[in-house]
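Undergrad: Would you mind keeping the following structure in view while I ask a few things?
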């Protein structure tokens, strides 16, 4: 019997709705990965509602929880770590400490860093120290980085003027250490208004993917968290990077179609679960180069 992969997901959690782990855990489980959620934040709901209740996990608790898993002899079964929104650089360093501990018992364990800073339409939402930490420290450790356009702009210190400018910016981030950079949402002058575009960049090549852009009265939150989680899950399940990229784009599109059909602000993960596991649509990633 083939072994089921195990993944430690270190990010925020909301009681109501879907953001952070609340957007990523169930879809990763639905495609066949055992997920260990370590919630860095527990809020009543995501912050785009404008009000919320809850608390943030103190940074020192993260390595404590990792050590607790080690104490029962299970840490070596961790095949990958996913990290998302960081409230501080201290929280980020605590995550890197946990990753170091995991790699000590499983050197093959992968790390995907989702460098959450904000949304292109909503602006940056993290302190400068977090942006600096992600670029100067996390990128050197991560196997995969999954920024959106705002985050890629922040790392690059500029805005792109073309698709090929986006590619150059992603390659500059790749040079900092990751094996692959997945840009979850491209935005550049001249981009077709009816398309949603993504980019995958590795040392071996670069691939561009375009799917239809769906309209919403209010953009659902958690799409980036869903994207990063599914990409890492599919890699753990044996997909090559391009196949994982294509699967992720299709599965996320299926969720958005169901969300749109329900006229919902929150992602309709449960209603779309069968199509997350087996997307009906397919989008082809096409090779591009400078």
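Using N, Cα and C of the backbone, Cβ positions are placed for all residues, glycine too.
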Undergrad: The substrate site in Swiss-Prot includes 12, 47, 48. Which of 225, 239, 274 is also listed there?
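TA: For substrate, Swiss-Prot names 12, 47, 48; of 225, 239, 274, the listed one is 225.
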Undergrad: Among 67, 74, 151, which residue shares the ATP site with 114, 184, 211, 212, 213, 214 according to Swiss-Prot?
TA: 151
Undergrad: Please give the ATP site's span as the largest CA-CA distance among 114, 151, 184, 211, 212, 213, 214, to the nearest whole angstrom.
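TA: Taking every pair of listed residues, the largest Cα separation comes to 23 Å.
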Undergrad: Just report the maximum Cα pair distance in Å for the recorded substrate binders 12, 47, 48, 225, no decimals.
TA: 15
Undergrad: Within 10 Å of the Cβ of residue 213 (ATP binding site), how many other Cβ atoms can you find? Include all protein chains, please.
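TA: Looking across every protein chain shown, the total is 13.
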Undergrad: For the C-alpha pair, I'd like the distance in angstrom between residue 184 (ATP binding site) and residue 225 (substrate binding site), rounded off.
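TA: So the alpha carbons of residue 184 (ATP binding site) and residue 225 (substrate binding site) sit roughly 10 Å from each other.
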